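**Student:** Once you've had a glance at the structure underneath, I'll fire off some questions.
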Amino acid sequence: MKGCLATMDKELWIERANDSLVKHFYEQQSDIEQREGFESKLTFGTAGIRGKFGLGEGRLNKFTIEKLALGLARYLNAQTNSPTIVIHYDIRHLSTEFAQIIANVLANHQITVYLPDTYKTTPELSFAVRNLNTTAGIMITASHNPKDYNGIKVYGSDGAQLSTDASELASRYIEEVGDPLQIDIPISKQNTSYIKPFPKSVTDDYMKHIQNMIGYIPKSDLQVVFTSLHGTSVPIVPELLQSLNFNQFNLVEAQCKPDPNFSSVQSANPEDHRAFDQAVELANKSHADLLISTDPDADRLGIAERDAHGHITYFNGNQIGALLLNYRIQQTSQLRHRLMIQSIVSSELTKSLARYNNVEYKEVLTGFKFIAQEIRQLDDHQNMIFAFEESYGFLSEPFVRDKDAVQIVPLIIKYASELKLYGKTLKDELEQIYQTVGRHEDTLFSHTLEGFEGKKKINAIMTKFRSNPPQEIQGLKVKAIEDYLTSEVYHLDKDTTSQINSPKSNVIRVLFDEGFIALRPSGTEPKIKLYVSLKCPNFDDVAQKINAMIFS
């Protein structure tokens, strides 16, 4: 009977394919991909919804977007009278169409919607929510995912992504909508009056905040190459740099045009060195010093440096975090009660740097919304000077409550320009940080373990560390095991336990005098990540051996 219902359901979807907006994507998919759309459901989680285009409740299409919008409309109307919302969207396939669908549904429920007439960055959305004092915000993006993906992120009135509790409540409203094919969305001219143009003054205010944060960029002969990887950071980043009287940059022209197919890159991800290939070519031709790339929605960025011999140094997220923290410490020396926030899987290097400079630090779960929650809870006397995640997400000043590559681009250029005046580079500065606080190094291993056996192995690895924690790993003596699922720390050296004041998450962190390793399974994919952050000789060899020991 269940198979018959699934077949009927599939037939109903195919009958509506012409109205779905995604017929072309569906027809390009394999039989397995098509079937997955009918055998699964999109779920609204803590980061919203992200998925492939296609037919069925497990795919993004006109009908599943209408379901999401209707659930959010009911959620917002249950939270407050006369709710307001701002919607932004990136350059991906169907981002504009999804934005209009959501705006129409929300307007149909007397929710005032601010909708721009062009694509915007994710940090601009966070800022706009705060600037316009709206009840919520929606960002339509799938970050650096492949071209056949899109997603919806929902933000609260503070400009941060919804908290875990708010996400769960919104998810219930969405699920209560039921079958997306049965939704009837009447559009009336009276209701479309709730859709308002997005005020240009908001963008101007955002730019002013960054200009005030930067002040000026000192004159040097620093040359920069910038690429948006076909995303949203052009034109806003070039306009911002020019407003700061910095014109010594070249754009990778082929990659600075919006392109939902990301035609010129294998991966539109600044973590991936291949994303810099065209930037490196241009840097070699123009003898540039600094290379910067942002991901498609401009919340994350990567940097590389070219020396006089044409050698390229790529910086990982933890190294960029250390450089930016170091610079912010220099910039804020007059402030008292300074605070840095980072995720629990980010480097020991930044914590050591904070301690050395008498800067308080706090660690939170992975996900920038947890950083935003920490910012919201700051005392009046505390000064947050920097926040970051090792996955290339950074925030210098909290007028935005999400990762913000747009404000970081001129900051890193200013830093590099100052160093250039003294004949130094970012690589030199990183080496100085190592000499000051020790050579803490970091790496990440990501394992995909498919199917039932893969899931079983992931569970077995996590269970082993919970029930039978090792006394030492590769000659490193284990001090403590932090289990964020049980909210407990087991101190092996004292044979005692203590509590972790944090939301629950399936993460285990093993602490040594030399640093830590962390294990973090994905909640949505058959993946598990191993983070290694240590100060020890032969780091690469030790990290490889730890990885082999755990996953052999």
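Cβ coordinates are placed from backbone N, Cα and C, and glycine is handled just like the others.
So Swiss-Prot has the following annotated:
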ACT_SITE  SER143  active site, phosphoserine intermediate
BINDING   SER143, ASP295, ASP297, ASP299  Mg(2+) binding site
**Student:** Let's check the environment of ASP299 (Mg(2+) binding site): how many other CB atoms sit within 10 Å of its CB?
**Tutor:** 32
**Student:** Taking the Cβ of ASP295 (Mg(2+) binding site) as the centre, how many other Cβ atoms fall within a 10 Å radius?
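**Tutor:** 31, counting other Cβ atoms within 10 Å of ASP295 (Mg(2+) binding site).
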**Student:** Specify the count of other C-beta atoms within 10 Å of the C-beta of ASP297 (Mg(2+) binding site).
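**Tutor:** Other Cβ atoms within 10 Å of ASP297 (Mg(2+) binding site): 34.
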**Student:** Using Cβ atoms only, which residues of the same chain lie under 8 Å from the residue listed as 'active site, phosphoserine intermediate' while being at least 6 residues apart in sequence?
**Tutor:** GLY151, ASP295, PRO296, ASP297, ASP299, ARG300
**Student:** Could you say whether, by DSSP, ASP299 (Mg(2+) binding site) belongs to a helix, a strand or a coil region?
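**Tutor:** The three-state answer is coil.
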**Student:** For the recorded Mg(2+) site formed by SER143, ASP295, ASP297, ASP299, which further same-chain residues have Cβ atoms within 8 Å of the site's Cβ center?
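**Tutor:** For the Mg(2+) site the neighbour list reads ASP90, THR122, THR141, HIS144, GLY231, THR294, PRO296, ALA298, ARG300, LYS403, ALA405.
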